[in-house]
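Now, the feature entries from Swiss-Prot:
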COMPBIAS  74-88  compositional bias 'Polar residues'
REGION    74-331  region 'Disordered'
COMPBIAS  100-115  compositional bias 'Pro residues'
COMPBIAS  183-195  compositional bias 'Pro residues'
COMPBIAS  197-210  compositional bias 'Basic and acidic residues'
MOD_RES   204  phosphoserine
MOD_RES   211  phosphoserine
CROSSLNK  218  SUMO2 cross-link
COILED    237-276  coiled coil
COMPBIAS  290-299  compositional bias 'Acidic residues'
MOD_RES   290  phosphoserine
MOD_RES   304  phosphoserine
MOD_RES   313  phosphoserine
MOD_RES   321  phosphoserine
REGION    382-805  region 'Disordered'
COMPBIAS  421-463  compositional bias 'Basic and acidic residues'
COILED    429-461  coiled coil
MOD_RES   465  phosphoserine
MOD_RES   467  phosphoserine
MOD_RES   485  phosphothreonine
COMPBIAS  494-506  compositional bias 'Basic and acidic residues'
CROSSLNK  496  SUMO2 cross-link
COMPBIAS  508-550  compositional bias 'Low complexity'
COMPBIAS  607-639  compositional bias 'Basic residues'
COILED    673-703  coiled coil
CROSSLNK  703  SUMO2 cross-link
MOD_RES   726  phosphoserine
COMPBIAS  754-767  compositional bias 'Low complexity'
COMPBIAS  771-781  compositional bias 'Basic residues'
COMPBIAS  789-805  compositional bias 'Basic residues'
């Protein structure tokens, strides 16, 4: 083909140059009808094949290649390397374009038809384009089916040209073929003549010749058979393959649209069924997803195989494939990508979570056994043996140390967490206790304030009532004293003065005692003392006025006593005054009792508040004493045991006797010590009992004192009433006796009456004072009897004096 029996072939380059110049001005090669072009090329080839067969020498093959030249290898390129036109034609023009140099359709000469070849019928692999094989005898003949048809042979050497590997993106040196990579197979420089038999070909060559999508496609031009197709040049075959691929894409799009329409119908039906049914139902799964996944994998494989195969224009294919995608397809691909990404993310996250959970569970499970192994003596004994130490590895020890450190860290964290929880609980309890204590203190303060307010109000009310009663008594006394005789007034006023003086003394004592107890009580006592002093001053003033008024009326006494009407008036006024006095005394006694009861209640509360603190102190002191006693007893016992042991160690009989004596002495000492201890304990118990008895006595004395005060007041009131009654009886008897002795002269009667009245008035207060000093204060009956005896004695003395005169 190339040398034509040693002569260079000059028509092909010239025609090729003309065709290249014309092809540059043509339209896009994708718009060419490759089927018609292939048929025209086959027709021209058949027409020109007959002439070439006639002109061809016998020793040459139809392609113009000699057997010797094919076998010689690299030595058959001398003419081509020396020709300058050849290098000028191949290097600049073929390197400029990515499209192969297609021969012009109106070319006058075409390569001759091949010679006799043994063509094997197509095998089962119907899609492969290399199913035909040469005979073993013609193995070294140039193969028309490979991609080097229409170009220089593989062993032709050309100057170095930069190449680019589309698979890896790295520049490397030219192969031995020396031609541009888009038109020759990329790959490392191999042997000069690769094996052309199918069995000896590499697997990449077989994969390269197959179509990327193995789908049954209908071939429109039925005139072109598989055998004729193999005879076509590579650039025509590539054009045909492009056409077939476009047709396949169209068919796939139609099929996808049909499937989508079917899916939409099925989904509508499923939604209608779900709405009509009771519960929600899952959509029926179609085969569309799986088919799409398979198609994606096939497209990926096709893309990978397309990189290996020789493609004249890979960039325009991608550019043309992008606009061919519809919006629905793009959306569907985006959905698939999002599904893939979401599933991958979900799987990654779940894997991480499962790993961490399993790690935590494993760590918790291995905590306790790891500690037990570390602390066990059996493991230490095993590790101490020399033979067993070599079985362990460094990795296992590191892992154990890591586990131990992790377990220790977790233990520390747990302990800290527990400590924090306990501290928080303790702080909460303290706060609650403080709040409760504050509330109790506030309540106590409020109670004390209420009690003080009530006491003050009660005291004010009592003072007002006392002032009213005293005013009434003063008015009644003034009225009664005006009506009484001077003897009666003097006799009645003296016991009143004495009674008031005693009450003053008792009040002063009670005021002094209460002032020492509390400030509030001192205030109440001071107010009561001031009120009593004011009442006493008013009563004393009234008595003075009554005494002054009664002194000039002594002369008229005899005349008044004689009339019976005057006696009746006196008895009425006395009874009325007695009633008023009794009521006033009762009111005063009640008021005093109330005051004392309030004071006693306050003092009892204070003692109760103090008593638990005292009991606590006593219990603490008792516990300390008991501890000291126990410690001393334990020491004495230890000493005895030590002495006994020492005595047992000595083996001599003399020593035994001495030890027995010493033991007896020690026993006596211990007995004496025990006796002393018992005595001390008894004394302490007695002291405690005495203290308790003292407390009880104090309480009883306090109760008795309160009762005695009440009894004293009652007795004093009764004494006053008895004295007033006895004086009135004496006066009545004296008047009756004077009336019976009227037989004597008037002068003597007047003198005797005046003297006796003066003496009786003067003697009666003195005798009453002496008798008061002699009277006991405890029994009520004694006071009544003494008052009666004193009245009898006074009457007897008065009788004796009157008789003597």
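Cβ atoms are placed via backbone N, Cα and C, with glycine included.
Annotated features taken from Swiss-Prot, shown on the structure.
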residue: 465; record: phosphoserine; Cβ neighbours (10 Å): 13
residue: 467; record: phosphoserine; Cβ neighbours (10 Å): 14
residue: 703; record: SUMO2 cross-link; Cβ neighbours (10 Å): 11
Between residue 465 (phosphoserine) and residue 703 (SUMO2 cross-link), what is the CA-CA distance rounded to a whole number of Å? 28
How big is the Cα-to-Cα gap, in Å, between residue 703 (SUMO2 cross-link) and residue 467 (phosphoserine)? 30
When DSSP states are grouped into helix, strand and coil, how many residues of the compositional bias 'Basic residues' (789-805) land in each? 16 helix, 0 strand, 1 coil
Work out, from DSSP, the number of helix, strand and coil residues along the compositional bias 'Basic residues' (607-639). 33 helix, 0 strand, 0 coil
Confidence over the coiled coil (429-461), expressed as mean pLDDT on the 0 to 100 scale, is 92
Can you tell me how the residues of the compositional bias 'Basic and acidic residues' (421-463) break down into helix, strand and coil by DSSP? 43 helix, 0 strand, 0 coil
According to DSSP, collapsed to three classes, what secondary structure does residue 467 (phosphoserine) have? helix
